[in-house]
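Quick look at what TrEMBL lists:
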DOMAIN    551-735  domain 'GPI ethanolamine phosphate transferase 2 C-terminal'
TRANSMEM  282-305  transmembrane segment
TRANSMEM  326-349  transmembrane segment
TRANSMEM  355-381  transmembrane segment
TRANSMEM  417-436  transmembrane segment
TRANSMEM  442-462  transmembrane segment
TRANSMEM  483-502  transmembrane segment
TRANSMEM  537-556  transmembrane segment
TRANSMEM  563-583  transmembrane segment
TRANSMEM  589-606  transmembrane segment
TRANSMEM  645-663  transmembrane segment
TRANSMEM  675-700  transmembrane segment
TRANSMEM  715-743  transmembrane segment
Amino acid sequence: LFPGLFTRHDGVSSFFVKDTIQVDQNVSRHLVDELSRDDWNLLILHYLGLDHVGHIGGRNSLLMAPKLAEMDEVVKMIHTSILTRENDQGWTLLVVVSDHGMTENGNHGGSSFEEADSLALFVGLRGHVSDYKSATQNTAQQVDIAPTLALLLGVPIPKNNVGVLIAETFDQLKGDHQLRALELNSWQLFRLLDAQISCLSCANISLNDFSDGQPSVTTECNDSLEKMFCCLYMNAAVLHSTWKSKKVSQSSSWEDYNSTVIAYRKFLKTATREVLLKPVDLLAFGVTAMLLSCLVLLSLTLHMGREINLVEKLHHYHSNNDMQMCFLDEIFVLGVILILVISMASSSMVEEEHYIWHFMTSSLFLYIYFFQMCSVFVLLISGRILRGCHQGGVNWTHLPDISKWLENSGGVHVKTVQLVSGVSVVILGFCFLSLLSSKKNVILVVGFNFLVSGLLVLVHIVKYQENAFARSSYGATISAQMIYAVLGSTTVGTAVLLPWFMPIQISKVGSSRDIYSSISVPSDVKDKSLLMALKDSLYVIGWAYIFCWCLLQLLLQQPINAMPILLLLVQILTSLLHFSYSGLHHKEWVEISALYFLGMAGHFALGNSNSLATIDVAGAFIGISSHSTLLSGVLMFIITYASPLLVLFALVVYMSVKGCLVTQNVDSGHLLQTMLGFPCLAPLTLNSILLTAYTIVLLLMRNHLFVWSVFSPKYLYVCATSVCIYVGIFVVATTGTYTYLVLGKRKMMQVSIINDRR
């Protein structure tokens, strides 16, 4: 951060979470030598091993006690050296600080007491009390550390800092020095106010106006906010000037000094609450752009809905009873969206958002499957188990749940659940691939490739996922990298190569030059064989995406999340079967919205929340042998958004099974529009509505007490969810378009060959 400023430094890689030993040895190896030198006046040591231990095994990890003992020895060594140095070189200050605490599972980033409670220990301060007086009851804000250290070390306070010096650390200084520290802190905050509030009535004042002047009388500060800042600062400056004048004449008193301190602290307390940058104009511009985007997506969705309705009426797809049911489920989905938007304005509902998704998703599927008791049973039972896997949110995480029960029952039970879930995922994948009975050769080739992947994942679970130590070993890293390679090559190979090898039957009608003569892509799709090949290809590719994603999550997720992954897969399979084979017809955007809700409910069922503390950092380093911000960031994103992306990948299968409703005598443009329209537009529109609504909420709540602890982290999740939606839709749209173009190209080539033979 400061090249050329330090006499000696050692910059090493320190954010590789699986490293709990070398990361601290890189710091301690210089300690003995540096403590024996006398050519420095500031030494900074950054220890990260304790944080890594927490991320890997939680605060009760077997590595925690040895690591704390190691840190004790470091502090002891430094303190012993301090006592020796002070005999020759004067006072030395040792500051031990931690930037955060941790939850039971070792994560942090939220606003709970366990995460926000951290240490600031000042050793070596000398005041009027014992050096070893207990200070455990004293509290300060983290932003107060910067001005405190700056003033103690005699350097300028960072110009954008909004902290207030910690008074107890200046007890060893004389009265005039303490007032000078308060004066500098106040002047720094006043300059920030001056830069942000253009109508300050005393914007042009300087320290010289108050340092050398005649004593004045202070005034009450009950005017507008701008005038109050100026009044409070002027009062403190006047009292300070008066005290200095009296001190010169040796007539100053304790009351004068105390009044000056109180005046400075009153100004600091008031100013630090207000001196925050709030670019409302930029936010308003952003909201306007989001509103326009939302309106465009809504208009496209409505336009496509009208076209689909017109086609359905012409072909009499729906009875009057079906139309009435469609109208009711549309009202329900719109009601869910409205409830979500309204709940965003409540900090408590943001913290416990998972309740809304679980309840609304179960209610919607109960209505959709009202006459399908088997589907109702599977969806609701699996949904209830998912709801009980993790006590999500913020306020009730301490309550018992299935994941805590599994963790307490021991590693054997967790591994058993993992293996059963992994085997079940493999079996379900093959069962649903086998539904494509007309393409046995394709099923055998694709199935064999994914069988190898599934076996590799199961072997990895047996050998390495029993504890955190095994998961961090060299063998586990090589095994995970092998699984990445096999899963990636198999999935990409299936998506790219399958359209080139999927059998296409050429009928006599389809061999006519009149249909396929002008362009490489057919202008009309009148041959049923091409439509069936397109549907079969998308079906296999979609299941390849789903199967690969589930196996990847079994590798990356916490062991206790293996069962939720299986249950999510069961819910998606049941939904797709119902949407394709049931006699009831629902609007496509309603079905896709139901899948979207299912993905968000699953997101919270995997232990996620709107707190940054629930992000699985340790899993982001599986299969990585050294720190890489890009790779670990991608893995962290994959772990966090496992459920929403799984649902989006399932839309490729949805395009295949819903293609049954498309008549064969339609042009290619309409076919692509029908297949890709709602699967792409519906998730984008839903996300756009929620993103725009929450941006407006955040703008309105910018002065809320919980803006940093609740609303801001939620907004980060909303933005990350938008990235997730766009990534998933890109995959869906690219897959559908590529498959169609390849099959169309092959169809034309086959027709051309047949006609040439004639």
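Keep in mind that glycine also has a Cβ here, set from the backbone N, Cα and C atoms.
Nobody curates TrEMBL annotations by hand; they come from automatic prediction.
Contact between the transmembrane segment (442-462) and the transmembrane segment (715-743) is not supported, since fewer than 3 Cβ pairs fall under 8 Å when only residues 6 or more apart in sequence are counted. Remote same-chain partners of the transmembrane segment (715-743), defined as residues 6 or more beyond its termini with a Cβ less than 8 Å from a stretch Cβ, comprise 495-496, 498-500, 502, 504, 521, 530, 533-534, 537-538, 541-542, 545, 610, 612, 637, 640-641, 644-645, 647-649, 651-652, 655, 668, 671-672, 675-676, 679-680, 683-684, 687, 690-691, 694-695, 698.
Contact between the transmembrane segment (355-381) and the transmembrane segment (589-606) is supported by 3 or more Cβ pairs under 8 Å, counting only residues 6 or more apart in sequence. If one looks beyond the transmembrane segment (483-502) by at least 6 residues along the same chain, the residues whose Cβ comes under 8 Å of a Cβ in the stretch are 439, 442, 446, 449-450, 452-453, 456-457, 460, 533, 536-537, 540-541, 544-545, 548, 551-552, 555, 623, 735, 738-739, 742-743, 746. The stretch in 282-305, 417-436, 563-583, 589-606, 675-700 that contributes the largest number of Cβ pairs under 8 Å to the transmembrane segment (326-349) is 675-700.
Three or more CB pairs closer than 8 A are found between the transmembrane segment (417-436) and the transmembrane segment (563-583), so contact between the two stretches is assigned (pairs 6 or more residues apart).
Mean model confidence for the domain 'GPI ethanolamine phosphate transferase 2 C-terminal' (551-735) is a pLDDT of 86.
Counted as Cβ pairs under 8 Å, contacts with the transmembrane segment (282-305) are highest for 675-700 among 563-583, 589-606, 675-700.
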